[in-house]
Amino acid sequence: MAERAALEELVKLQGERVRGLKQQKASAELIEEEVAKLLKLKAQLGPDESKQKFVLKTPKGTRDYSPRQMAVREKVFDVIIRCFKRHGAEVIDTPVFELKETLTGKYGEDSKLIYDLKDQGGELLSLRYDLTVPFARYLAMNKLNNIKRYHIAKVYRRDNPAMTRGRYREFYQCDFDIAGNFDPMIPDAECLKIMCEILSSLQIGDFLVKVNDRRILDGMFAICGVPDSKFRTICSSVDKLDKVSWEEVKNEMVGEKGLAPEVADRIGDYVQQHGGVSLVEQLLQDPKLSQNKQALEGLRDLKLLFEYLTLFGIDDKISFDLSLARGLDYYTGVIYEAVLLQTPVQAGEEPLGVGSVAAGGRYDGLVGMFDPKGRKVPCVGLSIGVERIFSIVEQRLEALEEKVRTTETQVLVASAQKKLLEERLKLVSELWDAGIKAELLYKKNPKLLNQLQYCEEAGIPLVAIIGEQELKDGVIKLRSVTSREEVREADRKAKGQNVCHFGRPMPIQDLSKAWHSH
């Protein structure tokens, strides 16, 4: 400390000398020489750690959520969960971190985005990158042959975040998966039906679901002349076609990944095609592609899939797109991705590019990677990109200046006069015990106007008012906050068990009906 104090004093004196020379208009050489001495002293001194300010912020790629934002999120989650349950799914949970070995080698080029944790007593761990690989580990570990499950939880990716577009390092995934041996394409068709149901229910705009098959891609790469060792890396390049032009993708294939230009051109002839079942039929007649066993299997399954999608009434939402590749290594069959056709723009909104809002596919070999005997359990599933959906919904609500209720309180217990705290506490307890969502202000003698203002700010629809006259008559008055009109009168003589609604007795539990009618 003494040494630092001495250095600080020297810096101070040298600073004064430099300022003095400048005032005296000394020669530039002399000033430069003394400034150099000052900088040298400052470098010796170094930063004072005790004076450094701690910047209070969330880590890069993460965010806090306000009550308003959480209310929006809960509504979105509710739509998704109700759909998952409607289709008969059970719910599971898995640890937020896994053994590093569990996650290694499952994500192709994206493996570099996995968060590794420090050695915690002999186990090398990583934060989960998605919910699919932990699900496959769960199936293998518990020797399960079939399950229809959903899982909503946070995952972690060491990505470059673009938070305005709903891209984060910590974010929620909402997954639905069907595991088991079933007849071809029936579970796959249901997954696409679920995706369409959820996106339609959320009303975030028109969408299109792109569909392809990894077997078709692999067959296409084979007939185009891509070496087996480059299949996955070329697949990853093709997957970027929804973000960049074909020329940029071709340059990456040839320049960075060493693919021959003529091979890239042959790939380009295929991956720039998209359409419906007619394109599937056209490719089934393709002289080269139809000779590849893998591609032929994929095309036949896609034709069957389109038949089921027509029966489900969603074929108009589906497009067979040969550029869809889904970069993850574990996909083995049908793959799909939902994109918004246009950015939903309301009055006052800025266009918001959010990319894909749901995706998924078939991964028949993943469980076998964890099973000691290599036992395979076919799986197909989907994941809803809720963070991107939240970005759209939040922006829309802000543009419309729409008020969002952050509580579910049905009634505020208020008093019109002083010294009625005990009566308010008794009544609010009575309401809670009856299952009614109720509040009171934490003041002994709150003004009635303040209590009504609190109701308006919080969106509470009803107020139960206790006054001296009401106590004398053994009743409470229930008023609508917006109209200030009396909508109920509760009889307390029967110890809160009955209320009268315009002379008709009713149980106190039915007080909650006022919430629905007002």
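Glycine is no exception: its Cβ is also placed from the backbone N, Cα and C atoms.
With a 10 A radius on its CB, Thr132 (L-histidine binding site) counts 26 other CB atoms from all the protein chains. The annotation L-histidine binding site is assigned in TrEMBL to Asp130, Leu131, Thr132, Arg157, Gln173, Asp177, Arg326, Tyr330, Tyr331.
Annotation source TrEMBL lists coiled coil at 390-417.
The domain 'WHEP-TRS' feature in TrEMBL is assigned to 3-59.
Under the heading domain 'Aminoacyl-transfer RNA synthetases class-II family profile', TrEMBL lists 37-393.
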- Here the 10 Å Cβ neighbour count for Gln173 (L-histidine binding site) comes out at 19
- Note on the structure: Residues near Asp130 (L-histidine binding site) by Cβ (under 8 Å) yet at least 6 apart in sequence within the same chain, in sequence order, are Tyr107, Val155, Gln173, Asp175, Ser383
- Tell me, how many other CB atoms lie within 10 A of the CB of Tyr331 (L-histidine binding site), whichever protein chain they belong to? 26
- Near Arg326 (L-histidine binding site), how many other Cβ atoms are within 10 Å of its Cβ? 23
- Query: Mean pLDDT, the domain 'Aminoacyl-transfer RNA synthetases class-II family profile' (37-393)?
  - Reply: 89
- Message: Summarise the domain 'WHEP-TRS' (3-59) as counts of helix, strand and coil residues per DSSP.
- Response: 42 helix, 0 strand, 15 coil
